[in-house]
């Protein structure tokens, strides 16, 4: 089958890393990018140099209004560049972009993302949680995608992509009565470098490099949308910490069936080596956050950091590159839904 043709709206952290993931995986063909705030020569620079993930190990240039991205042994991507503020005006159809990654963080509802369909896109994948679009987590519920009816979908959040595979394995094997999640989360672009105003959430406006900032997250509750049996059983919060990338989930849960920590490790390792390979990983190494920069997995279970109080009450720890792991799942989701076309 021919590779799915992809457009990217918004060339920020996720937009650029989705393109990197697309080049690495060589499973989709990126044919168009839209960003009203970035000129084409600036796109070349931003794509080539990355403070977190390093310099792009390939070539990137521009010719007219096309980006040319290539890597040895991989397909070249010739990418039409648009600079439209209104998503309805982007000529996705003219570029042949059937699948659009909506990564501006602005058009996250069905109504708003629907504008891409007017420009000729066939499907829209929102790279953020959505209030009303169906959410899919690759490895957990992606097979529930309905090609006939699901035209605008969400890839959920990076944290939900970390938590859901872990929660699925634990719930399938031992049953989760209830659980609380904490994510210790790297800074993101929405935070302030120094103290500043921040709408209703005053703490969010404090300096990102100076503080551990308690914050809300819908990631745990969203697992209930992805795994209906867990609906109403999980909630959580976040601590934003002064690191540039890589976050870690702490899931504290009560189990229906008694299980030793070794029992839990065995089933997670079996899933990581089997049906969830490439999504859920397992480590017994003495790792820290920087060890997972540019890791392509959604969730890396840390066997050494996880603890048990008794056979019914456990704290499970799982790492994730909140930028790159997530961006790889966006590409995987597109690859999957394209097989249903």
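The backbone N, Cα and C atoms fix where each Cβ goes, glycine too.
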Residue among 35, 41, 291 sharing the NAD(+) site, where Swiss-Prot lists 13, 14, 85, 322 as binders: 35
Recorded D-glyceraldehyde 3-phosphate site member, picked from 55, 240, 254, that accompanies 157, 158, 159, 188, 217, 218 in Swiss-Prot: 240
Candidate binding-site residues 13, 14, 35, 85, 322, pick with smallest Cα gap to residue 159 (D-glyceraldehyde 3-phosphate binding site): 322
Listed recorded positions 13, 14, 35, 85, 185, filtered to Cα within 10 Å of residue 157 (D-glyceraldehyde 3-phosphate binding site): none
For the D-glyceraldehyde 3-phosphate site built from 157, 158, 159, 188, 217, 218, 240, further residues of that chain with CB within 8 A of the site's CB center: 183, 185, 219, 238, 247, 322
Nearest of the recorded positions (185, 188, 217, 240) to residue 13 (NAD(+) binding site) - Cα to Cα: 188
